[in-house]
Every structure is written in C-alpha cells, then in structure tokens.
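Asker: Sharing a structure here in structure tokens format.
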Amino acid sequence: MLRIRLWFLLYTPVLPAIGLCAVHDEAIDISGRYIVVLRPDADLDNHLERIRSTDGDRLKKFDYQYVIGSFKAYAGHFDEALLDQLKHHNKDVLRVEPDQVLTIDLDTRPSLRRQSDAPVCLNLISHRDTDRINEGYVYYRSAGVGTYVYILDTGIYIGHKEFQGRATAGWTAFGLLSGDTIGHGTHVAGLVGGKTFGAAKRTNLISVKVAEKMQARESTLLAGFTWAYNDILRKRRIGKALINVSLSGKSWSVFNDAIDAAYDLGVTTVVSAGNRAQNAGVSWTTKGAIVVASTDNKRRRRTSSSYGEAVTVFAPGEKILSAWIGSASAVRELSGTSQATALVSGVVALLKGRQPLASARVTREIVKRLATTDVVNDTKGSPNLFAYNGSGR
C-alpha cells in the first residue's frame, strides 16, 4: 500500500518572479524536527495512534508520513521527552534521524532526428567521438513521447514556450504556490524535455515543488517523493516514468532508504552527485539511484563535482543554457550536477519512449551499458562512464 498523508500545508502568498538572489534567503529552520523510521513489520497507523493516546501532551506537531513498500516513516516536531521515548523505548522504531536542510545543486539505427543548432551539451550525449559533436544533436524520433518525468525541485514555469503544453503542476508543499519563483526547477525541466534544450523533447514534465528557496527540508523532499511514487503506481506508469532529484544533502540515510524501496518496486530515480567536490558516497548510499556527476564540454570532471564509486555516470554540467522564469522565452546559463542530472533524466525518458522499461534495475543497467567508456578525465575513482542516448553515432 502506497500513500502520503499531509497533516498541514504551508501557505505562502504568490510572489513575483525573482532570480538567483533567492540564494541569500534566510536558512530553513529545522530545530526540533525529526524523521522517525519504523521497522518493516510495524503498523504505522497503530504506532501513531498509540503516540497520540499516550504522549499527546508532549507531541508538538506531525508533518508528514510516508509509506513506500516496506519503508514506513513519519516526520514531526517532538520535545526531548518524546524523542527519548521514541529512540530508546519504542519497539516499532528502527531509528530516528534529525531533519536536514538540502541544497539545490547549482554551481554558478532506429529512426533518428537531428537538431543542427543544438547546445553542445546535447551533442556530447549523442556522439561518442567528440570530433563529431559539430554534427548536432541526434536522437530517437519518438523523443520520449508517452513518458513522464517528475521534477522534484523549485517548481516549473508551466507557461514557458519550451514546454509546449507538456508541463503540469503535480504537487506542492506550499499551499497555493505551485509555480517557480526561483528558476532552478524550470531550468532543470528544460534540459529534461524542452523543445530546444531538452534531451527528450516530447516527454511530459510534472512539477513536484519541494523547495521555495535554494534549500529544502529532507522531510518535505520525502513527502514530494512519496507523492510522485504513488502517482506513478496509481496511473500505471512504472515502465514510462522516472523521478529527477537535482538536490543533495550532506548525509541523508532516510531518503536513500526511500529511493531503494521505490527501486525495489520498479521506479527509477535519477539524482545529482552534488557540487561539494567530495566523495558522493557521503550523501548517496542508495543501491538503486542513477547518481550523476558533471563534466565540462571537454569531458573533464568539473572540479566542484562530487565523485567516487557511488557515481553511476557523468554528463555535461558547465555553462548549460536552458529555460528560465520571468517570461515565456526567458533563458539562462547555469552550471552544476543539477544540469548533468537533468540531461541523464532526459536520456532515460528517451530510452523509455522507445520501449517501456518496467524494472528500475534494468533501466539503470541500460544507462550504464550504453554509456561511452574511458572518455572522462580526472574521474577521482568514479566509473569512467559518460552518458549516451543510444543514437548510434
């Protein structure tokens, strides 16, 4: 059984579109906030009812609860006494983790089609040989048609002309505010499925708004992820859908567990390695995610990109042009593993558009097997695999 329950939604008034100055917003408050993970055999409803009946006076607030297969958890704001009881005296509880602040990963022969004026980043993922990148972007004619990419980010500017009516608002943690006032989510969506900048130009883009600044709580991200997972299963889209997460945290074991639970049940998740120039395994212990590191346009690992054995594949992430907020034709150049991740999500949508891939394991293996080998410089212990869209070039 898959579900997400929201005990409250934050209401935020609609704000005018703003640019990257939002990076300097006040830090998100996570004091006293925790995520409680239950044992697989525990009954979540009974557990919560017992807390309400015996510890209701000490319970400050429940925020969310999450169920993805055997993964069961909830988030809330608890006082010290209740926290101690949950950690040390409750047989249902597997572990309790403090909520975390996550950051947007931004660092300033089938029938084929060719986009002769494509950005270099697209050319790089459709040609194994860099001597041929001036030939343009070559991709399957189906272009991801009939697929769905859930973008967990700052929202999407739905009205941008890059999306041609294929972008929709799915879920938001911010009440009536579902649009993008930051720009990052729109930029990512443009690289996944924009008509000019996207790797999969006919995929459907679904906004899952988990951030209203350049930061988000892990508990909010988990809520958006659970909603996306539930929506994929309810609409029978496993073979045609995936989840893109262009955010990263320092160490977030609970979210890794949620990704693995979804992976075991068929859902593909593509995540960014991060821009901390550190071992990506610090953040990503998941067995199932496609973890993406970034390169420049000469296929050299960007110095800010995280690295290591946790990385699945590299993709371009330097000076990447894509859709932006403010007008239906706005564009902006950004760099980082967010952009690399979006391009790989587009590749996955492109592959799923050719043939439904019902297994997340098979999807991940196809991405790895298709990848161009031994072309990335300075991998720092990462697999030397560079994303490739299978165009045969």
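Placed from the backbone N, Cα and C atoms, the Cβ positions cover glycine too.
Just so it is clear, the model here is predicted, and its values are computed rather than measured.
Positions annotated as active site, charge relay system by TrEMBL: ASP153, HIS184, SER338. Positions annotated as domain 'Inhibitor I9' by TrEMBL: 33-104. Summarising the annotation, TrEMBL assigns domain 'Peptidase S8/S53' to 146-374. The annotation signal peptide is assigned in TrEMBL to 1-17.
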Asker: State the mean pLDDT for the domain 'Inhibitor I9' (33-104).
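Answerer: Taking every residue of the domain 'Inhibitor I9' (33-104) together, the mean pLDDT is 87.
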Asker: Write down the Cα-Cα distance for HIS184 (active site, charge relay system) and ASP153 (active site, charge relay system), rounded and given in Å.
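Answerer: Cα-Cα, rounded: 7 Å.
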Asker: Roughly how many Å separate the Cα of HIS184 (active site, charge relay system) from that of SER338 (active site, charge relay system), to the nearest whole number?
Answerer: 9
Asker: Which residue counts does DSSP give the domain 'Inhibitor I9' (33-104) for helix, strand and coil?
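Answerer: Split into helix, strand and coil, the domain 'Inhibitor I9' (33-104) gives 24 helix, 34 strand, 14 coil.
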Asker: So how many other Cβ atoms are close to SER338 (active site, charge relay system), meaning within 10 Å of its Cβ?
Answerer: 30
Asker: Helix, strand or coil at HIS184 (active site, charge relay system), per DSSP?
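Answerer: Helix, per DSSP.
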Asker: Inside 10 Å of the Cβ of ASP153 (active site, charge relay system), count up the other Cβ atoms and send me the figure.
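Answerer: So the number of other Cβ atoms within 10 Å of ASP153 (active site, charge relay system) is 30.
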Asker: Could you tally the C-beta atoms, other than its own, that fall within 10 angstroms of the C-beta of HIS184 (active site, charge relay system)?
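Answerer: If we count other Cβ atoms within 10 Å of HIS184 (active site, charge relay system), we arrive at 29.
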Asker: Can you see whether DSSP assigns ASP153 (active site, charge relay system) to helix, strand or coil?
Answerer: strand
